[in-house]
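Here the structure comes first, spelled out in structure tokens, and everything after it is commentary.
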Amino acid sequence: MLALSIALMYACSKNEDEVSQQETKIAFTVPSNFPAPTYNFEDNKLSNTGFALGKKLFYDARLSADKSVSCGSCHQQFAAFTQLDHKVSHGVNNCQGKRNTPPLINLAWQKAFFWDGGVKNIETSPLNAITDACEMGTDIQAIVTFLKATAPYPDMFKQAFGSTEINSQLILKSITQFTAMLVSANSKYDQVMRKENGAVFTTAEQAGYTLFKEKCSSCHAEPFFTDFSYRSNGLDLLSADEGRSHITSVQTDFGKFRVPTLRNIEYTSPYMHDGRFYSLDEVLNHYDSGVKAAENLDASLKNGIPLNSSQKEQIKAFLKTLTDHEFIKNTLFSES
Amino acid sequence: MKITTYLLALLCPALLLTSCKKNNNETTPETKSTFTIEFDNQVNGSPLTLNTTTYKNAKGEDFKINVFKYYVSNIKLSKADGSSYLIPESYFLIDASKTESTNITLKDVPTGDYTKIEYTIGVDYARNFAGAQTGALDPANGMFWTWNSGYIFVKLEGSSPQSTAANNALTFHIGGVVDPNNTIRTFATEINATNPLRIRTDGKPNMHFIVNAAALFTGKTDVSFATLNFTMGGPNSVIVANNYANGLFRLDHIHN
């Protein structure tokens with residue numbers, strides 16, 4: 001299927017020469033049912049060596065203050081790069097963060113990051129985790145110092161960027177070569193949409209898809225299953241986390257959060273910005289009968305989304321077609 | 001392969017030189033030189049001494065300063081004929097605790113007599129949202145917000161007995177580029193035409209700016225530390241930015 005997609009080309013003949021014949025050149029591919037990405041590697045040429053370095057950094061717990069936490073501790077591949085079973089993120093010194101770890105999927109199409117959209121560039125999005133006292137608890141300068149003194153990093157930087165220079169910019173660019181490559185677009189849903197391999201929805205899945213388009217897609221819009229807007233779905237009368245207004249200082253944004261993607265939702269529990277729901281049943285019950293009249297509740301949810309039990313089962317059946325097994329098991333992204 | 005590269009490297013400047021020569025016959029030669037700017041950090045006319053000296057704000061409240069850092073960027077020079085030159089990639093972080101940072105050097109500036117200088121107090125909109133940066137804009141400099149991407153344009157930390165915050169702290173982290181809380185401000189000043197900034201191949205002038213840290217707290221709105229002692233972006237940062245927009249910098253003199 002990926003053969004259908006448009007491969008972005010990176011003309012850097014020098015690097016290509018150095019890539020051995022057996023090793024396949026890593027390429028960023030845009031799935032045919034996706035629009036053009038926001039991040040296109042223009043100022044950060046993708047290479048096998050840059051990606052390998054980014055991946056190593058992503059999985060290296062020695063970057064954190066107590067050497068116990070890596071990016072991969074909170075962003076686990078088998079959970080589509082969120083943290084399984086953790087309501088809110090769990091970082092160094094057993095510290096609990098305040099928000100649920102979002103999955104890292106299709107970030108190259110995202111214009112803003114975090115539940116409140118505070119971070120505007122994928123390259124700078126790891127900084128908060130690195131410096132937050134509750135996540136990795138260190139500072140970027142400490143990481144630079146560590147990497148300069150620790151083999152094989154200087155060599156890996158040289159291979160990736162052509163110089164033994166190590167600085168925050170190169171660290172962030174290599175990590176982005178890894179995170180922006182995390183494209184998930186080979187779920188059953190995608191195959192049905194692209195009419196691949198004769199994939200078809202079951203009756204229940206199809207009924208669920210119809211319901212979903214009627215009741216959920218106004219916010220969880222295809223193909224990313226989010227329109228990337230900030231909204232309140234009425235979890236609380238008064239949100240404990242101010243959400244979007246923390247960034248905009250606008251009262252009408254209070255308690256609003258970015259509509260999350262639902263891709264791989266089967267594996268990304270617990271759900272919501274604070275991880276309050278452990279199952280999709282709880283989520284559907286919330287929409288059916290738990291929506292609170294929050295100050296900035298989205299107008300379309302005023303009366304909730306009434307769903308009978310067979311409709312709930314159908315929606316769940318559809319949501320499970322968003323699981324991308326190939327992505328979750330892809331060894332290209334695994335800690336090796 | 002190597003040889004051709006060297007040949008090209010040799011040929012290119014040669015080609016450039018010949019093309020320059022040609023132009024010279026018609027227009028004045030594009031010679032370039034250097035000038036420096038000294039930022040003299042003060043508080044209401046007294047030298048800024050970190051941590052120890054007590055100053056007074058416009059409301060008469062005592063305060064001390066522990067940290068004072070700010071960005072100056074996109075420096076633009078104009079001549080009397082209205083033509084101007086924007087110094088490319090001009091991003092500087094001035095840090096009162098690092099003497100070497102208070103004297104900046106601007107290289108490769110076309111020679112001439114300049115009668116106006118303007119610059120951004122902070123960092124332009126685009127760079128706030130750009131990818132990972134280095135140099136003055138390296139997030140390792142502690143002037144980048146990781147939770148709300150963008151640079152802290154002006155950072156003043158200290159203490160005041162009037163502050164109601166823990167440890168009587170003052171925390172003024174001014175930044176944010178999105179309306180209505182955009183804090184990008186441009187400072188511009190005319191240079192006396194009788195003593196313009198004379199950039200010459202044989203003369204490297206120095207501009208001397210007085211920087212008044214107390215300007216954060218007076219101007220449009222006199223700030224009382226009892227009510228405003230903490231801001232990291234948002235409406236209160238706008239109050240402070242509106243204060244310092246005009247009062248932070250003053251061109252004192254130029255050594256030509």
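Every residue gets a Cβ built from N, Cα and C, even glycine.
Curation does not apply to TrEMBL; its annotations are automatic.
Residues or ranges marked as heme c 1 binding site by TrEMBL: A:C71, A:C74, A:H75. Counting every protein chain shown, the Cβ of A:C71 (heme c 1 binding site) has 26 other Cβ atoms within 10 Å.
Marked as domain 'Cytochrome c' by TrEMBL: A:203-336.
For A:C216 (heme c 2 binding site), the same-chain residues lying six or more positions away in sequence with a CB closer than 8 A to its CB are A:I305, A:I315. Per TrEMBL, the feature heme c 2 binding site maps to A:C216, A:C219, A:H220.
Cα of A:C219 (heme c 2 binding site) to Cα of A:H75 (heme c 1 binding site): a distance of 24 Å. The sparsest Cβ neighbourhood within 10 Å, among the listed binding-site residues (A:C74, A:C219), is found at A:C219. If you draw a 10 Å sphere around the CB of A:H220 (heme c 2 binding site), it holds 21 other CB atoms from the protein chains shown.
Each residue contributes its Cα atom, and for A:H220 (heme c 2 binding site) and A:C71 (heme c 1 binding site) these two points are 27 Å apart. Long-range C-beta contacts of A:H75 (heme c 1 binding site), restricted to its own chain and to partners at least six residues apart, with a cutoff below 8 Å, comprise A:F58, A:F81, A:T82, A:Q83, A:T101, A:P103, A:L104. DSSP assigns A:C71 (heme c 1 binding site) to a helix in the three-state reduction. Neighbours of the heme c 2 site: apart from A:C216, A:C219, A:H220, residues of the same chain with C-beta atoms within 8 angstroms of the site's C-beta centroid are A:F212, A:K215, A:S217, A:S218, A:A221, A:F225, A:T226, A:D227, A:V259, A:L262.
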